[in-house]
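Right, one structure below, let's go through it.
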């Protein structure tokens, strides 16, 4: 998006991004004489510029600097990161304030920093910036304002999706390749280029139109190509949008020999009308087609075309007016012709004009009782309407004053008084725009004084003009009279006195030499001047001579006669060249005179060296210059100017740094040039002086921010130059001494209005930049959070001309402490006494958290933490919950908790097959706050793990399973039995279903085991065989131990055999029992691991509860546990069996704790064994 300033009655500007506004400034200046007269009182400088930045291209790229009074019809900015508008930069010695008005209403959402700037806020939409803007600057002397500027929004130009186009034409036919660039308030520059980025050649036959299209009056075979590319360049955006290339194919034709009569491709029809504004540009277009290529002839129907200021462009296809005037108004004709005929098109050009000044009222000083006449005359087409305002208010809305009369563009104010000091605005408006003039009227009494130097000697040659200066100043304007010793001066017809006091004496003679007196009437103030009339002195370097006339104040006059030499044709003018050689920057400067004049009077600088030469010019050309004359040096004199821009640049207290602009060395007028610096404290009589060669000058020992009168005078070895008017400056600033007083605070919910009494200006010790409001809020640490007390601090800066400020964003039910300071450019002063205040109670924020526990399938227990922002004293909570169903019409349930210390609540009788949504709110005496919302469901009673997978290792077996969704956590044990002789049941540690993984370790390699997973009275079994472990004879200790165990076992068997034989018949019974036992615990060799036995299947009736403690002694005792399920393993060790039944849910403390009903996903299996398992034991 963009902002665009366009309007027929206001200055238009276009902007395409809210990220950054251009800097708009307004520049108004007063005449030098008026500035001199006001410099002792106040200085007003309105600086104007338009600074555009494209942050996307560089950190800061200035595009242009324009005066707001001379802005082009449209300025565009594309893709800026910051949007700011600054309208005025004023510097007053008196405190000034600024205000922006948009559509007649004061802007409150755009603040300025004291310089008249406001910055766009990123939180506002672009459309909010559309409207008419005007800025006002106020101080005690009046109100100045800018003219109206209108901003409108506009989209950034972009290219839509395009398809490559192909054109085919016969040789000799006309062709138009269309560009159609995106529309924008800024007209793009069109460049037709090829794929190598080279411009397509333009000629009378091939030309680009104003609409951007490429026109072929007739095509040739070599026009065939596939890369005609239109590039639209938007200068303001520094962006080029290339369109898809166009392919053109030219086919041969037999019609080329016959040719074609001219016709116009642009413009259409026989006639067109154009409206142009005075001073703007206008282009008339005439693009014909035909074979051979037609020629174009332009003419004005009434006058010669050259008198209109028009010139042809674009190979004669355009008639351009760069700065059109009223002379261009009228009828024009374009004639396109070739050997087969011609065609014409007529144009009517109407020139109108925006308002422009014919006479502007000057800004002047007036003394009480005088009559002020402000004459404001503007012209334009149509005739503009002139209106008057006083300090920005229309005269019609100001109180009626019989002393004031307004007639059209003339405002007359009789018998002015001090209260008539103001800024008077004259505004001229017509349908094309408006112009505004601020005129400053200052009613004051100032004593008269003469500014010109006393005792100046003026020299002039006989017959020359003598000018004796006598410049006076005062309010009311003093009257100056000049006299000679004989008092016959004013009766001489050769003498005239100018309004600025200068006395002019024409045709001077030797008798005019003498002393002249200039005085102010009705006072004893006067100066004298000495006039010396010299005889002519001729010197002739070849045919060039100089005649020394005299210094005229700051200049020397020379007459350079030149003789006419014999040429074939007499010269009709002469060129006199002069060069100053004393300063290195001197160069030849030319002056032209007519051929019938043989002398030239030049104004030369004092204390300089010049050379001259002359050349003649006739119809054949310019002759060689004459020989260079001898060097001529002008006499030195006192400086005739004084340094400008005298100011104080003091930064440290106790010092006064006086700075000024140095004078050009060519204006030193003599040797020993220095600056005489004078200063004195305001209201003192004695001046302090010093002489320095260059600025700055530092005055030490001054008081902090004291007002001083300063002036800098130019002097050389001959004397002092003119006396400047003193300016006011200040010594360095120091920290303020006082803070605002009578501070009061009015609280309104989360905002507070702070009022105060401003500080005395004498205690500021500098320029008052504003006040700072310091706020401190104590944050109490909550017991539940375990935090300590903290403090929240922030500072609000306020403009120095304010006496109240609204502070927003305060926390409710909080205690604040407020203090204020004054600050200037040096820094801040002391803090004011602390002012405590409290904000009222409000509704609390949402509770900090809400968690759930599910003791059973129909119960939930809610746990929460109090709100982090209680905004008051909590009085309880409100819980609302509702069953989530497809019908969405289940009734909500409400629980009101009156104890604010309660942080949990049990709920019973819930549907285990439904989910619920819960809304929990805190309550204060101000009402209920926003809720914290959660969804959850109860947990179902736990079930044993199913779909168990195993991975058999060398000395371990890993078991993994997926816990059931929404099921409670349960514990179980894993019992295992080695299927070797004498094997006993072993039991693992307690395992939980949410573990999803367990590693049973400490098993013997190459041994078959039977695993029994028990849940109370429920069990399931499996008989995996662990893989054998290959021996490593490199480990000698292990090998020796194994051999020793085998030897001991053999010895033990021998002893047992001996004992059994000694007992006789018991051996056979024992043998039978062991054989029967072995039949049940026989190893599984040819069968698949984990295959179910018939006996095991008969025992699988129900799933036992995990809460019952059981002790298992041998394999025969399994029948005591009812039904069981064997788990069968595939070759990879995974289960293929299922539980045959489900036991009751465990109770008591067998569960490791309920899982959260909010997060029902099981944890991932651990990477390694989650339990230590059973230590390695012998079977």
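Placement of Cβ uses the backbone N, Cα and C atoms for every residue, glycine included.
Because TrEMBL annotations are produced automatically, they should be read as predictions rather than curated entries.
What TrEMBL lists as compositional bias 'Polar residues' is 541-568.
The compositional bias 'Basic and acidic residues' feature in TrEMBL is assigned to 1069-1088.
The domain 'Ig-like' annotation in TrEMBL covers 157-247 (among others).
Here TrEMBL flags 262-350 (among others) as domain 'Ig-like'.
Here TrEMBL flags 355-442 (among others) as domain 'Ig-like'. Per DSSP, the secondary structure of the domain 'Ig-like' (355-442) breaks down as 6 helix, 52 strand, 30 coil.
Residues or ranges marked as domain 'Ig-like' in TrEMBL: 447-535 (among others). Mean predicted confidence for the domain 'Ig-like' (447-535): the pLDDT average there is 86.
Sequence annotations record features per position, and here TrEMBL assigns domain 'Fibronectin type-III' to 540-637 (among others).
What TrEMBL records for 642-734 (among others) is domain 'Fibronectin type-III'.
The domain 'Fibronectin type-III' feature in TrEMBL is assigned to 736-842 (among others).
The feature domain 'Fibronectin type-III' is assigned by TrEMBL to 846-942 (among others).
Here TrEMBL flags 944-1037 (among others) as domain 'Fibronectin type-III'.
Here TrEMBL flags 541-569 (among others) as region 'Disordered'.
Per TrEMBL, region 'Disordered' is recorded for 1069-1105 (among others).
Residues or ranges marked as region 'Disordered' by TrEMBL: 1133-1179 (among others).
Here TrEMBL flags 41-63 (among others) as transmembrane segment.
What TrEMBL lists as transmembrane segment is 75-95 (among others).
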Composition by DSSP (helix, strand, coil) of residues within the domain 'Fibronectin type-III' (846-942): 0 helix, 51 strand, 46 coil
Secondary structure content, the domain 'Ig-like' (447-535) (per DSSP, counts of residues): 3 helix, 44 strand, 42 coil
